[in-house]
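Trainee: Sharing a structure with you now.
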Amino acid sequence: MFKQLLAKCIEGYTLTEEEAYEAMMMIMSGEASASQIASFLSILRLRGETVDELTGLVKAMRNRMMTLDYEEEAIDTCGTGGDGASTFNISTAAAIVVSSLGVKVAKHGNRAVSSKSGSADVLEALHIDIQATPEEAKRALKTKGLAFLFAPLYHSAMKYAALPRKEIGFRTVFNLIGPLSNPARCKRQVIGVYSTQYAEKLAETLHRLGSEHVLLVTGKDGLDECSISAETDVVELKHGEIRRFTIAPEQYGLARGKLEHVQVRTVQQSAELLKAVLEGRANESAINIVILNAGVALYAAGKAATIREGVEMAKEAMMTKKAYEQFERLRMKEVEKYA
């Protein structure tokens with residue numbers, strides 16, 4: 001069956017949502033060989049994925065993932081990765097700021113693939129627990145307001161695609177659908193996208209999948225974050241409506257900075273800069289890029305009515321050390337209490 005779907009793609013046809021779903025289910029059950037998976041990913045990348053295909057692939061991925069049975073509303077700040085900019089972990093820092101203001105954050109992430117430092121790598125360097133089970137993650141959400149959902153734990157069926165992805169070495173559709181498959185089924189997200197051409201497709205896909213409020217952001221300097229050194233293209237899905245606009249740091253009283261001031265070479269440098277930001281002693285560009293991204297996330301979460309209000313809330317959380325106190329809370333180890 002996979003051969004037939006592959007042949008259809010090679011002949012220039014696109015897959016229906018149902019066919020894409022079937023293809024993904026076969027990949028995740030080990031029915032497709034490594035070379036077939038590599039061919040499939042290469043063809044989709046070359047011609048571009050349709051919304052039907054993206055929807056089918058995400059539905060299958062969600063079908064096979066381990067879910068977090070968490071009833072309260074939570075937000076995710078996650079990116080496609082692969083922007084090649086080697087920045088510190090901005091979305092992780094923003095997640096800490098957002099969670100310090102009472103918003104539950106189910107942070108979906110992984111180890112570094114193309115970047116210098118994945119969110120799992122930097123959290124380990126900072127001695128912040130990565131929850132090993134859904135039960136631990138639920139407890140962390142309840143007691144600390146932030147849980148880290150380590151992607152390989154929740155998406156174990158993706159193991160069959162690991163080798164072909166590594167061997168072909170370029171970004172594939174899996175970079176796009178990973179952030180759309182949060183185990184907590186977050187309906188509110190900020191998703192950093194490495195290329196703005198994909199943002200509208202992803203917004204339409206999320207609309208079909210029932211998301212409520214999602215902002216897909218791409219810096220004009222190529223960042224898969226809201227940038228401090230350039231304008232940022234935003235595609236917003238809100239209650240079924242999709243609109244596109246551009247934001248700039250100056251709109252929110254933030255000075256335009258330099259990209260090199262938020263770049264790092266190692267996991268340790270990323271961890272040190274993230275900690276310095278929350279302590280308020282980092283460079284202005286690093287502090288402001290976290291404030292901007294946290295502000296956008298607070299808006300997506302519904303905590304703030306506008307991005308401007310979200311930015312002001314994030315500034316205050318930084319100035320009052322509320323964000324740093326949350327950082328220290330996350331680093332505290334839980335002590336088991338026995339009756």
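Yeah, the Cβs are placed from backbone N, Cα and C, and that goes for glycine too.
Okay, these came from Swiss-Prot:
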{"type": "BINDING", "residues": "G79, N110", "note": "anthranilate 1 binding site"}
{"type": "BINDING", "residues": "G79, 82-83, T87, 89-92, 107-115, S119", "note": "5-phospho-alpha-D-ribose 1-diphosphate binding site"}
{"type": "BINDING", "residues": "S91, E225", "note": "Mg(2+) 1 binding site"}
{"type": "BINDING", "residues": "R165", "note": "anthranilate 2 binding site"}
{"type": "BINDING", "residues": "D224, E225", "note": "Mg(2+) 2 binding site"}
Trainee: Counting Cβ atoms within 10 Å of each candidate's own Cβ, which of the binding-site residues T87, S91, N110 comes out highest?
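Mentor: Counting every other Cβ within 10 Å of each candidate, the maximum falls on T87.
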Trainee: Given the binding-site residues H108, R165, which one is most crowded in terms of C-beta atoms within 10 angstroms?
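Mentor: When each Cβ's neighbours within 10 Å are tallied, H108 tops the list.
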Trainee: Express the distance between the Cα positions of R111 (5-phospho-alpha-D-ribose 1-diphosphate binding site) and G79 (anthranilate 1 binding site) as a whole number of Å.
Mentor: 13
Trainee: Suppose we draw a 10 Å sphere around the Cβ of R111 (5-phospho-alpha-D-ribose 1-diphosphate binding site). How many other Cβ atoms does it contain, all chains included?
Mentor: 16
Trainee: Using the alpha carbons only, what distance in Å do you get between the residue listed as 'anthranilate 2 binding site' and T87 (5-phospho-alpha-D-ribose 1-diphosphate binding site) once rounded?
Mentor: 23
Trainee: Nearest to E225 (Mg(2+) 1 binding site) by Cα distance: which of the binding-site residues G79, T87, H108, N110 is it?
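Mentor: Nearest listed residue in space: G79.
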Trainee: So what sits near G79 (anthranilate 1 binding site) in its own chain, CB-to-CB under 8 Å and at least six residues off in sequence?
Mentor: S91, P179, I191, G192, V193, Y194, D224, E225
Trainee: What is the number of other Cβ atoms found within 10 Å of the Cβ of E225 (Mg(2+) 1 binding site)?
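Mentor: Neighbour count, Cβ to Cβ under the 10 Å cut-off: 27.
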Trainee: For T87 (5-phospho-alpha-D-ribose 1-diphosphate binding site) and N110 (anthranilate 1 binding site), what Cα-Cα distance in Å is obtained after rounding to a whole number?
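Mentor: A Cα-Cα distance of 16 Å.
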Trainee: With every protein chain in view, what's the tally of Cβ atoms within 10 Å of the Cβ of D224 (Mg(2+) 2 binding site), excluding that atom itself?
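Mentor: A count of 28.
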